[in-house]
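**Q** Here's the feature list from TrEMBL:
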DOMAIN    116-263  domain '3-oxo-5-alpha-steroid 4-dehydrogenase C-terminal'
TRANSMEM  53-73  transmembrane segment
TRANSMEM  80-101  transmembrane segment
TRANSMEM  113-130  transmembrane segment
TRANSMEM  151-172  transmembrane segment
TRANSMEM  209-230  transmembrane segment
Amino acid sequence: MTFTMFSDQDLYHSSLLSLFLIGPPTFLACQFLTAPYGKHRRSGWGPTISPPLAWFLMESPTLWLTLILFPFGKNHNNPLSYILISPYLFHYTNRTIFYPLKLYFNSKGGSPASGFPVSIAFLAFVFNLLNAYVQARWVSHYAEYDSDEWFWVRFAGGMVVFAGGMAVNVWADEVLVGLKSEGGGYKIPKGGLFEYVSCPNYLGEIVEWLGWALMTGSWAGFGFFLYTFANLAPRARFNHEWYLQKFGEDYPRKRKAVIPFLY
């Protein structure tokens, strides 16, 4: 009997394929069921932890796994690899560290009902392990910088898209966290892109990872973009329907869920 060693390339290709394969069932499942946190929190999903702690723990692999993997890539001495990974790390430094801190310092003292289910946080943690490996390994090892004549053109164009998306994402999060810190329950967010869509925070994040896909010019980046859309677009629809049900005639009828004028 002979055994074939499972190489790093095999692991990478299997992980990349997995990233694409989980997208369609995620999109389908999210048409009927939305994760029970935030506006949609409900009982029956097991123990909970505080939302700031949940966000920190479940997003953390994007930072520590990336930093662990990078020195082992063949591109670890190439400055272009660090330039390329910087937007990814910038986003996840905000999402892993600064966003949970904002939630913590702006909270009004949550109850157990406002907790974040450990089961959902664990699923997000597993996804981030998978995705961080795929993205970091591509940038640090499998990308071919020396023969890439279009690197700077692609990076510049993608960076414009990414930066625009992140600006929208961070701004919208600030508005939502600010409204929550005022107390008195949920309110109708207003101003900027909130006049066009219920979830500009999700729109911004989708646009961010479209920019990332353009920057990397890779299947890894494209797979991440597709999964982000598969996960966030249906949740945006649930959020939109929640606003309509809660605020009734007071909620602007011209707003869409996540894509202005379309969806």
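Just so you know, glycine gets a Cβ as well, placed from its N, Cα and C.
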**Q** Let me spell it out: take the transmembrane segment (53-73), skip the flanking residues so only those 6+ beyond its ends count, and list any with a Cβ under 8 Å from a Cβ in it.
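**A** Counting only partners 6 or more residues beyond its ends, the transmembrane segment (53-73) has Cβ contacts under 8 Å with 37, 81, 85, 88-89, 92-93, 95-97, 99-100, 103, 116, 118, 120-122, 124-125, 128-129, 131-133, 135-137, 139-141.
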**Q** Let me spell it out: take the transmembrane segment (80-101), skip the flanking residues so only those 6+ beyond its ends count, and list any with a Cβ under 8 Å from a Cβ in it.
**A** 51-53, 55-56, 59-60, 62-63, 66, 70, 73, 135-136, 139-140, 143, 145, 151, 155, 159, 162-163, 166, 170, 173, 208, 211-212, 215-216
